[in-house]
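A.B. asks: This is the structure, below, for whatever I ask next.
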């Protein structure tokens with residue numbers, strides 16, 4: 001029997017992301033702009049297959065070739081004739097949908113591998129019976145042979161993403177370990193190069209170790225952004241072949257439909273960035289993006305989030321296109337206006353806050369396109385610290401994602417007392433909206449980094465600023481090209497998510513904040529209670545994303561929420577209760593309780609102390625101190641007041657699979673753009689992907705296979 005965490009259940013939730021009304025209200029020019037942005041995002045997003053696992057691109061092509069010839073409905077008859085039961089065929093459809101939704105065969109949220117929930121011989125029989133195989137038997141058999149073993153393999157290292165013997169990664173060649181990652185980071189820092197759009201390959205050449213830094217760009221040879229300064233190491237610009245060139249072409253075409261000069265200049269810089277592999281050009285484009293205030297069609301594209309790089313420095317490609325929801329955006333605008341009043345409420349000294357709060361755009365958006373491995377509920381970008389600290393950032397809350405992602409059925413609501421369930425269902429959505437707003441704007445948007453630049457200039461007075469944790473003058477800071485990600489590396493993402501979540505918990509107690517979101521009186525109290533209860537429950541649910549064998553966490557946000565659970569349990573005084581019980585089905589269960597009367601006192605004080613520590617370690621670049629505290633709270637053991645290892649088994653027993661989203665496509669019809677929608681099912685998700693790339697499918701698939709082959713040839 002395969003552990004259930006390694007396959008997707010047949011009844012997994014699959015919902016269509018509704019953006020029809022938002023799209024309908026766009027002008028013809030805005031629709032064209034949204035269309036070409038979407039096309040660029042989808043083509044660029046194919047890079048994620050190569051960023052996930054060695055086999056992901058080949059599995060993708062295998063599925064595309066099958067479904068381009070036969071729709072899921074047409075293939076069902078073939079499956080029945082090949083000996084598959086209806087449950088086995090549904091399991092195949094769910095696997096295919098999962099591969100598309102995660103852009104690879106590892107879950108985007110949790111980094112666990114998933115395999116088809118049907119026997120390998122049954123899947124092979126279906127592939128052999130398909131029309132695609134009948135028409136091209138040699139090619140299809142070769143494709144199956146290239147990926148079928150890894151498609152089903154659950155060897156220990158292949159169960160999750162990770163570096164070295166801890167898991168699989170394609171950001172590094174398989175022979176790289178943590179020491180190689182650290183060495184490469186030091187080299188890149190010394191050359192003032194970002195790792196965001198790179199991968200690292202290690203080779204032995206005549207007994208000498210050589211490293212190759214691969215850079216994502218549309219040009220493969222000739223003068224590039226980094227050619228001159230990479231002479232000490234091998235440098236290879238990875239041409240993402242047809243998909244990447246078409247992606248850059250779409251970015252170029254977009255300039256004709258830009259609404260203003262900031263958008264045009266942004267797109268020019270993006271084109272330069274993706275053509276030459278220049279992060280500096282992407283940063284310049286991001287500066288224009290920040291200046292583009294309140295656009296009707298919002299977007300961002302590039303190598304953005306570093307969650308899935310085991311070292312925490314390399315960005316996964318993503319591109320999103322969304323339309324502003326004006327009513328909800330008004331609330332977020334009020335929150336932005338109140339930010340300068342709310343920031344001093346945070347628990348660190350004034351010197352640890354940015355000198356000036358740069359008021360960002362904060363909008364609620366309905367997603368049209370989100371290409372990448374997963375879709376978040378909110379975003380705070382860009383991630384470049386030097387821009388965020390001095391020039392600003394933008395926040396977005398993804399309204400139509402929130403609407404379907406957090407809808408909960410009472411019978412599936414685990415680990416809560418019966419008396420809390422109705423209240424939880426009623427206020428989960430509104431409370432999460434408040435949490436996302438605070439998390440993105442005042443969580444990720446707050447706090448100063450102490451820096452000494454290359455010329456020796458400090459951005460703080462080191463003779464006067466006192467570390468509140470030690471009572472002594474600040475004795476450490478960021479130097480030169482060091483960044484938050486490069487310094488805190490493996491814990492940076494989760495640590496920062498934890499800091500932002502704590503800000504949300506802390507400031508949601510503020511009556512002014514609750515009023516901005518339309519909550520007063522008892523309703524406001526209920527929103528606070530459910531927000532805190534959600535966080536405590538999420539901390540317990542987070543145990544699903546911990547791997548005992550490697551003692552590692554696979555998901556930054558869930559690790560952060562477990563840490564917060566530990567902090568609140570440690571606060572004592574009956575604030576949080578967590579006990580193991582036996583469920584009505586006779587199987588192990590757990591119950592969480594939260595004393596709502598103690599949230600404003602015991603709870604607030606605990607978060608106050610912990611949040612101050614997090615910010616001080618971050619501001620002062622104190623990696624050693626920050627890691628010691630964070631690793632301590634992240635520890636999952638079977639000793640102490642709570643047996644978290646045993647609770648993890650209970651969580652796995654009662655877990656609910658994360659929902660998948662079906663996204664619409666756009667297509668040009670004459671002089672206008674049409675929105676093509678699909679049903680919220682595995683078949684609908686599959687059809688959306690096969691139709692997404694139908695114009696040049698064979699060329700794209702050939703390119704993906706060639707790039708995957710090149711990676712395989714480079715592997716030791």
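Backbone N, Cα and C define each Cβ position, glycine as well.
Quick paste of what TrEMBL says about this protein:
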{"type": "ACT_SITE", "residues": "440", "note": "active site"}
{"type": "BINDING", "residues": "439, 444, 497", "note": "Zn(2+) binding site"}
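I'd like to know what surrounds each of these features in this structure.
C.D. replies: Under 8 Å, Cβ to Cβ, and six or more positions away along its own chain, residue 440 (active site) finds 362, 378, 379, 380, 395, 396, 397, 500.
Within its own chain, residue 497 (Zn(2+) binding site) has 556, 557, 559, 560 as residues 6 or more apart in sequence whose C-beta sits under 8 angstroms from its own.
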A.B. asks: Mind telling me which of the binding-site residues 439, 444 has the densest Cβ neighbourhood, counting other Cβ atoms within 10 Å?
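C.D. replies: In terms of Cβ crowding, the pick is 439.
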A.B. asks: List, in sequence order, the residues of the same chain other than 439, 444, 497 whose Cβ lies within 8 Å of the centroid of the Cβ atoms of the recorded Zn(2+) site.
C.D. replies: 380, 440, 443, 496, 499, 500, 501, 503, 504
